[in-house]
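Database features, via Swiss-Prot:
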| type | residues | note |
| --- | --- | --- |
| BINDING | LYS22, LEU23, SER24, GLY25, GLY65, ARG69, ASN174, TYR180, ASP183 | ATP binding site |
| BINDING | GLY64, ASP85, THR146, GLY147, ASN148, PRO149, PHE150, PHE151, THR152, THR153 | UMP binding site |
| REGION | 30-35 | region 'Involved in allosteric activation by GTP' |
Amino acid sequence: MGESARAAETSELGPLRRVVLKLSGESLAGNGGYGIDPGSLEVSVEQVLEAVEAGAELAIVVGGGNIFRGAQVADELGIESATADYMSMLGTVINALALQAALERRGVPTRVQSAIEIKEVAEPYIRRRAIRHLEKGRVVIFASGTGNPFFTTDTGAALRALEINADALLMAKNRVDGIYDKDPRVHGDARIVPRLDYMELLSRNLAVMDHTAATLCSGEGLPIIVFDILKSGNLRRILQGEKVGSLVWREPPER
């Protein structure tokens, strides 16, 4: 069943009040793959604006792959993996500041919190302060992942979602409208999987998030929604309780 046919269906989660939105660095880069493309940045900003106008408490975790890909270039540069990971974390700070500037130009109060202390440009990550910002209607952008090497920003997003008691973790994808049984960009017969539980996600090795992030969500029962960030209105529809993309959660009561 296509996304348009499912658009009017109600999600079993219902309306969501507080969420963490995971944005990849690549979503800000456009077709070039690197750097920050103004048009791509504006797409994310428009979605966030709709979420804020809908009254949601929104936190964002942004990746840094458009700035620096530590895992890919560590060997080429002859540097340790831990150092490369710290360099990647700094890339997420660049993206977070770009998002903050773009949102505040549109009148959205925004705070950047970094797991690595960079007090000149971002607040340190403090859980209670982050929650207070959300309660006051500010968008909070979490930078630097977990602040530790060897952990992805997906894991950082899962961790922050649990820490701030989010209703769900929203995994934004580019031109992929959910979870597929195989890569739809390679296989023309790929089929979307609209609903699955954590064990299915982990056992089938579906390319949604890394294993550590999925295990964190599974252990605490945090719902995961995978959706296309480039389709206008998707984020707002999710927050309003519509079924969009694919849902990963506990086993449904009826199989």
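Placed from the backbone N, Cα and C atoms, the Cβ positions cover glycine too.
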By Cα-Cα distance, the member of binding-site residues GLY65, ASN174, ASP183 nearest ASN148 (UMP binding site):
GLY65
Using C-alpha atoms only, work out the spacing between THR146 (UMP binding site) and ASN174 (ATP binding site) and round it to an integer in Å.
23
Can you tell me how far the Cα of PHE150 (UMP binding site) sits from the Cα of ASN174 (ATP binding site), in Å?
24
Applying the rule Cβ within 8 Å of the centroid of the Cβ atoms of GLY64, ASP85, THR146, GLY147, ASN148, PRO149, PHE150, PHE151, THR152, THR153, what extra residues of the same chain belong around the UMP site?
SER88, MET89, SER144, GLY145, THR155, GLY156
Tell me which of the binding-site residues GLY64, GLY65 sits in the most Cβ-dense spot, judged by other Cβ atoms within 10 Å.
GLY64
Count the Cβ atoms, other than its own, that fall within 10 Å of the Cβ of ASN174 (ATP binding site), considering every protein chain shown.
15
Same chain, |i - j| six or more, Cβ under 8 Å of THR152 (UMP binding site); the result in sequence order is GLY145, MET209, ASP210, THR212, ALA213
Measure from the Cβ of ASN148 (UMP binding site) and count the other Cβ atoms within 10 Å, all protein chains considered.
15
Between LYS22 (ATP binding site) and GLY64 (UMP binding site), how many Å separate their Cα atoms?
12
The DSSP breakdown of the region 'Involved in allosteric activation by GTP' (30-35) into helix, strand and coil residues is 3 helix, 0 strand, 3 coil
Per the record, ATP is bound by LYS22, LEU23, SER24, GLY25, GLY65, ARG69, ASN174, TYR180, ASP183: how many Å separate the farthest pair of Cα atoms?
25
